[in-house]
Amino acid sequence: MDNFLALTLSGTTPRVTQGKGAGFRWRWLGHGLLELTPDAPVDRALILSAGIHGNETAPVEMLDRLLSALFSGSLTLTWRVLVVLGNPQALTAGIRYGHSDMNRMFGGRWQSFAESDETRRARELELSLETFFSSGQARVRWHLDLHTAIRGSHHLRFGVLPQRDRPWETDFLAWLGAAGLEALVFHQAPGGTFTHFSSEHFGALSCTLELGKALPFGQNDLTQFNVTSQALSALLSGVETSTSFSPPLRYRVVSQITRHSDKFALYMDAQTLNFTAFAKGTLLAEEGDKRVTVTHDVEYVLFPNPSVACGLRAGLMLERLP
C-alpha cells in the first residue's frame with residue numbers, strides 16, 4: 001500500500017485491501033481510511049487526519065510522506081493508527097468543501113445540515129472512529145487533525161484544542177510544543193469540530209494543528225514544517241522528541257462573532273492576520289443595531305471570515321493567558 005493518496009484522489013478501491021507492512025498490518029477501510037496495526041501489542045491509539053477541507057493540501061502531503069516512510073521500513077510503527085483523509089471529493093476538486101463545512105458537523109450536528117457529500121462523510125467518519133477505538137484496548141488515545149489556515153498568521157504554526165472538562169496532560173502539550181507550534185488556543189465551549197468529537201466521545205487528547213496557509217497540491221513548501229514532520233515521525237516510532245523548544249504562547253477563546261443575516265459587517269479586511277491584536281472598545285462587527293466590540297484590554301482575532309453562511313462563525317476573539 002504505497003499509493004494510498006493516489007487511490008483516494010482517484011476514487012479507486014485497491015485490488016488488495018489488506019496486507020503486511022514493515023512490522024505492522026494494514027487494512028484499507030474505505031476511501032481515505034487506512035488502519036495500521038503493529039505486530040507487537042501496543043496500548044496507544046492515534047487518529048492522524050488531514051483534508052477535512054479539500055483545499056488544505058500541505059498536511060495531506062505530509063501524511064503521504066509519513067506513510068511512505070512506514071511502508072518502506074525506514075520508520076517504525078509503535079501506535080495503532082487510523083489515517084483519515086477527511087473529504088476526498090473536495091481534495092480531488094481542489095475546493096474547501098462541496099456544499100457545507102464538514103468541520104462544523106461532528107457530534108451528530110450533520111443532521112441539522114442539508115444532506116450532502118459532507119454530511120454523509122461526517123457520519124461515516126464518526127462511525128469509523130467508534131469502530132477504531134472500540135476494537136482496541138488503548139490506554140492512550142490521541143487525535144491530531146492537520147489543517148492549514150485560509151489567511152496568514154502572526155504564528156505560522158498553531159494548535160486549537162477543544163473544550164475539555166479535565167486538565168490537559170502535560171506530555172501532550174509538551175509534544176505540541178516540540179512539534180513547532182508557536183501558540184495554543186483553548187476552546188471554552190463545545191463545537192462541531194472533528195477534534196471535539198474525538199475528545200468528547202472517546203476521551204482522546206485532541207488538537208487541530210494549523211500549519212501555514214492553504215495552497216494547491218504541489219505548491220507547498222513542506223520545509224516550513226520540517227519540525228512538525230520530525231515530531232510526527234518520532235511520535236509514530238516511539239522516540240522522545242526534543243525538549244529544546246520555546247513553550248507555545250497560550251490563548252483562550254473569550255467570544256465568538258457570528259453572522260446572522262446579510263446585514264452583517266465585519267470590520268477586518270482580507271489582510272488581517274490571525275492573532276492580530278485589538279484594543280478595548282474597538283468596533284469589530286455590526287449587524288443591524290447590534291455592535292460587537294472588544295471588552296478586554298487586548299483581544300486577538302482568529303479565523304476572521306466575513307463571507308461565511310448565515311448562522312456560522314465569522315471569527316473568534318481570544319485573550320492571552322499568562
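Note: Cβ is positioned from N, Cα and C throughout, glycine not excepted.
Quick look at what Swiss-Prot annotates:
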type	residues	note
BINDING	His53, Glu56, His147	Zn(2+) binding site
ACT_SITE	Glu210	active site
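Cβ neighbours within 10 Å of Glu210 (active site), excluding its own Cβ and spanning all shown chains: 27.
Burial estimate for the binding-site residues (His53, His147): highest at His147, by number of other CB atoms within 10 Å. Listed in chain order, the residues near the Zn(2+) site other than His53, Glu56, His147 are Ala50, Gly51, Ile52, Gly54, Asn55, Pro59, Arg96, Leu146, Thr148, Ala214, each with its Cβ within 8 Å of the site Cβ centroid. Here the Cα atom of Glu56 (Zn(2+) binding site) is found 10 Å from that of the residue listed as 'active site'. In the three-state DSSP reading, Glu210 (active site) counts as strand. Put simply, the residue listed as 'active site' is 5 Å from His147 (Zn(2+) binding site) when counted between their Cα atoms. A separation of roughly 12 Å, to the nearest angstrom, links the Cα atoms of His53 (Zn(2+) binding site) and the residue listed as 'active site'.
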